[in-house]
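So the structure is just underneath, and the comments pick up after that.
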């Protein structure tokens, strides 16, 4: 079979020679995390929901606007600023707790190692078991959390990603992961933790702990929540690296798809609050000098300066830029290799580990912990060199953390110094200890750390990748500096600079960040002169890595099948139009719809928005006579149609605003518009199409089960969009009226009542609707969005994409020239994989 390997069928679970086969569609394979072939990309899944960033300007919202004034607006803005400050402070306190606990457990662990080496393994495994018990029951807490937060800020609702339970598991899990000796960092989970704080704190309630619930009337929308998540993620970066500006740029570059000037100020303020909160408490606790602000972040690179005795030393020169470019190329290649290996491991886990019982994931993580422990001990004992303590080592940065590890007095083990210190201390050793590591030790350490970090990232433990990548790259850069000094004779080289550039090159090759990472590293070093070499290195590393594959976070987003939207589409995609990518098979509701029809639609579909439409038919008067429901729909249609003559007639009622010349034209047009109604009706009947009326739907009948092609794709006049959550809320609260009554008798819900169940609206399948009369009618017009963004069928894909992404849309109706809806576009229709498939079909039809 074409496209198959060996005797294995592409879409079957078993071999073709076997009698038993389990055939699965490509969508089922995608949902299960599988692909048809080993090298195939996983297609974006359709079961991910999107967030509603666009405001729904309906009647309840307009009622709120009517009560708003400048005083209330300023109070609302003041509350938002206070909440942003609270998010920053809480994120800083979370970072303080993690840092203090990691230091405590790390000191305990290394103390045990120094006193009794044989007892270390049980301690390692005990910490490993603790972190696993936290993440197995909350899988979303595993990993760094950056891919999930990136998806959330892009507009995708990832289940459970910003819950309090996730925060607790993430914080305690990363605590034991780092202290337990795994090659992971706490900076990535700090970003996730800050995002969870940003999502939960303004709500003043918790879904995990339902007793935590206060009646806070503000910020009950996805728009506000996503802005606070952006601020929280930036605060996490600021707390981790002491880089508030870098955190703001990180949230802009890697996360938030929808940005505005006001949000920039709030995110920066939140980042500053987090950084200075952490700095204040760490400086006071560690140095006893409260208010001195000596420790800006969890990761501090120290001060880069040449020794006073070395007159030839320079931090960097113009000639060094050539070496930095080469290091950027090598860093990009190493990063691409890291990402390729990790992607293969992730696919293997998705096929062979995740579908199996949770115990398998526990055993895999314990195996990683055990192998890491063995490698660390064996490498330090067998591969480490005992080197003499020099005067520079005794007076340099971090000399008190040199590890002897079975070496004689006045000597230290260079391999153990890198392995048996915290990762932050090891980075400081590589940045500032001159001449303390041999090239062989650096090469072996880089290789072992590279492989173990690649294996560890993706296991079922909370794990960050920033610090492991920095440490791995710092070893690479230090190795380059040693070679240039010892074998080429470049005596002016400052080894710390090359270690920093190596760290930037490898980290840039793995994560493919440029702007934010440049600023983060500059803020962490407190050395603005490093701006140019860091920027050049990161750009070269990104360009080199992008030639082979995507960044590590984008790879894991793709493996999850999340429909992530890039910044822009490919130029070739502009050959497509909105009509080529839209979904023409629609499920819709009428302005006035019976409860039985709404329940049937909600229970038989998974759509999250429905067009509100009316039909075009010529014999409207006959239908109006016999059916109150159809009569109400036709009346709504006529009242919502705006004509130029009608609008001019409305404006003509105030003649004082018109000059005399324009007044004459208005009067002439007004007289000309008064034509016999019989002629108007005849013209209207000629223009309108005649189709059968909309069939009644019952709860046990699918809306499209017995429809013909003409009924399914009948022309429908578009009036607005109504969300599933809004329809469910109307049904739960009994918002309806009987056929013998006027629609004005229907109860009205306020904006607060509509948003009361946010963010977890009831499921239609869990509701008991027996008390509702199925023949009752629901008027959805006050609650629908009457003016959503729409596009023409001839709109090019680039325009559709820019409108959808920049406006933060969830659904984009396609409306033709006469106001009829012909399709709808969602996030899935704008993913690269979907557009590529449509482009191939376009070429086949040429």
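Keep in mind that glycine also has a Cβ here, set from the backbone N, Cα and C atoms.
What you see is a predicted model, and the numbers here were worked out from it, not measured in a lab.
Between the listed ranges 78-98, 141-161, 162-182, 183-203, TrEMBL ties the annotation transmembrane segment to 78-98. Distant neighbours of the transmembrane segment (321-339): 450, 453-454, 473, 476-477, 480, 484, 498, 501-502, 504-512, 532-533, 536-545, 547-552, 555; these residues of the same chain sit at least 6 beyond its ends, with a Cβ under 8 Å from one of its Cβ atoms. Taking Cβ pairs closer than 8 Å, the transmembrane segment (228-251) reaches residues 83-84, 87-88, 91-92, 94-95, 149, 152-153, 162, 186-187, 190-199, 201-202, 219, 263-264, 266-268, 270-275, 277-279, 295-300, 466, 513, 515-517, 519-524 in its own chain, all 6 or more past its ends. DSSP states for the domain 'CBS' (784-845), grouped as helix (H, G, I), strand (E, B) and coil, give 28 helix, 15 strand, 19 coil. Mean model confidence of the domain 'CBS' (784-845) amounts to 90 (pLDDT, 0 to 100 scale).
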